[in-house]
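Take a look at the structure below.
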């Protein structure tokens, strides 16, 4: 009711206001280069959602949304250039879509008072909003992913992983190393043996790593991969006849791109997720009607319902809902980046709200606060069906082990605060 | 057989197989460098372009469809047919020959007599141009490659399982060798024998060698430099297609394929830029060296992921003691 009243108030304000500038949402995309196959559907999903809001609802709170796309090629320097060249356009929130760009933009966005959303990537300890005032990584981060995988394995093994071997095959970069500390802690807590297996970039050749896995015979393999590393790993796992149902990828290793090349051999492979899969949601009817059929799709319209398209769509939905929240808080439809930050910090996503948006159970219900910019870290599990060529959600969005993760977040964000002379606290 | 020894042998065998795949990429570099003195930076992108063209033809994809649809407002993506692998390969080879003609006619014909660094720069430009054309022509999505070799249809199904079982019965340890690696090895042997025989026993091959030895002398006896360059770029295009098929079968055909050139560089440094056998032997040494190092030292003592830098370190060591590589020609300049 409060939400509806707020919306009515904003609409009333709009009616009495002069013509306002667009709400600007920059999209730092990568439609070219080695990672374009992953970047294109995300960028399409992000853009199509705002196009749909403009066509169906007349924008957000009566103000049209404008997506400014800037090509980064998944290159950190280009990403920073994109930020610098678009921030003057009234950018409300940045989605860098790269951990490297995120690290560069954390101090810049803070200084410029522009919020940044790094959904499922970036600096994990940014979940501590008292230190990272302008960075948000809800609804889940890499450490939630690691804990989500272990929780799933616990549920598969009657709550006991003692004596089991779990190997982590990871991209040998800052991103790939993110879950190591969490998994070490969880290994100590649950008594499983933990083994690290790094793969050098780009990961086209992984023979050594999979021979090592063949020799060590882990019960489960968790993968934090990216790009070509994912496809090769799935292929190599199939080659050594590692049981696919015991092979779990993080959400960046769990798109159609990662499994189609291996054909039927990828059947049963699992991946973590923090959002829904498939196109069986009412929102896609609106996308089809107002965007694709109208000839306004960002891409060819052939990516709708794919994992990464859905992720882009979900990111756009969260940005739009944060903008609505900001409009309600500040009583104006013409919000600034600082107001947008407030909207993100007070964002509340409920099942009722998602159902109203045509996305029932598309993601977990959560709320954001100054203390917690990362949300509750609820994680679901998906599984690849090679025959139907689709991902299926096989679990609920479940809680992760915050008793292990929170101390790690506090320690890492505390170290960042002291390195950068940041006085932690809520603004 | 002691388990550690069995593992080491298994790693050694897989290193040999990986080396063959590296050598396949290196061969394309050698062919062009040997005949024209050009270090072809675009060789990795040629492998990508060839593999994308092959899959595009196989799947009946309309080239430049996104561009056509954007300009004309149409919605065409596929011709609606599927082309057999063998026919698709023939068409792809034809496209690579056409590419060779264009490269020679529009780029290198105008650069004859220029410094090697200028020619190298031209290949950098060519690489980025080709990457862009491949993207426009066939799209950026990852495509699965389905030719007989990669599906095991060219070899008895389950050959690797047979090897596993046989070696287990004989030695008490079942060795793992990937079907695709076996295919790659056979293809590489056929390719190298074919290239060597072509160079030794055909008129065009001898002309190619003559140009490689001395451009001026070859011109003076009536060898057409233009024709030889087109021939060499066509052969490099064919080798790129083979490499693209083998690597693309592992990972799917995608833009990362162009990065396989990085795997060929240490092979070239080690085997020499002018020797076909050097590329093979260099590939095998790099393959075995990096795998054994990772297994015996890298993973247990250094945290793993040592293969990339170890390959370059090994090549650097060879460079220090034998700059022309194992099989390269020693450069003697008289003044």
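Note: Cβ is positioned from N, Cα and C throughout, glycine not excepted.
The annotation transmembrane segment is assigned in TrEMBL to B:12-32 (among others).
Packing against the transmembrane segment (B:39-59) from elsewhere in the chain are residues 25, 28-29, 32-33, 78, 82-83, 85, 88-89, 91-92, 95-96, 99, 116, 119-120, 123-124, 126-127, 130-131, 133-134, 137-138, 143-147, 236-237, 240-241, 243-245, 247-248, 253, 255, 257-262, 264, 273: each is 6 or more residues past its ends and has a CB under 8 Å from a CB in it. Residues or ranges marked as transmembrane segment by TrEMBL: B:39-59 (among others).
The transmembrane segment feature in TrEMBL is assigned to B:79-99 (among others).
As annotated by TrEMBL, transmembrane segment applies to B:111-130 (among others). Packing against the transmembrane segment (B:111-130) from elsewhere in the chain are residues 36-42, 44-46, 48-49, 99, 103, 225, 258: each is 6 or more residues past its ends and has a CB under 8 Å from a CB in it.
Residues or ranges marked as transmembrane segment by TrEMBL: B:182-202 (among others).
Taken from TrEMBL, the feature transmembrane segment applies to B:223-247 (among others).
With a cut-off of 8 Å between Cβ atoms, the residues of this chain six or more beyond the transmembrane segment (B:267-288) that come close are 12, 15-27, 29-31, 33-34, 39, 188, 192, 195-196, 199, 212, 311-312, 314-316, 318-319, 324-329. As annotated by TrEMBL, transmembrane segment applies to B:267-288 (among others).
Positions annotated as transmembrane segment by TrEMBL: B:295-321 (among others).
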Any contact, the transmembrane segment (B:12-32) to the transmembrane segment (B:223-247), with at least 3 Cβ pairs under 8 A: yes
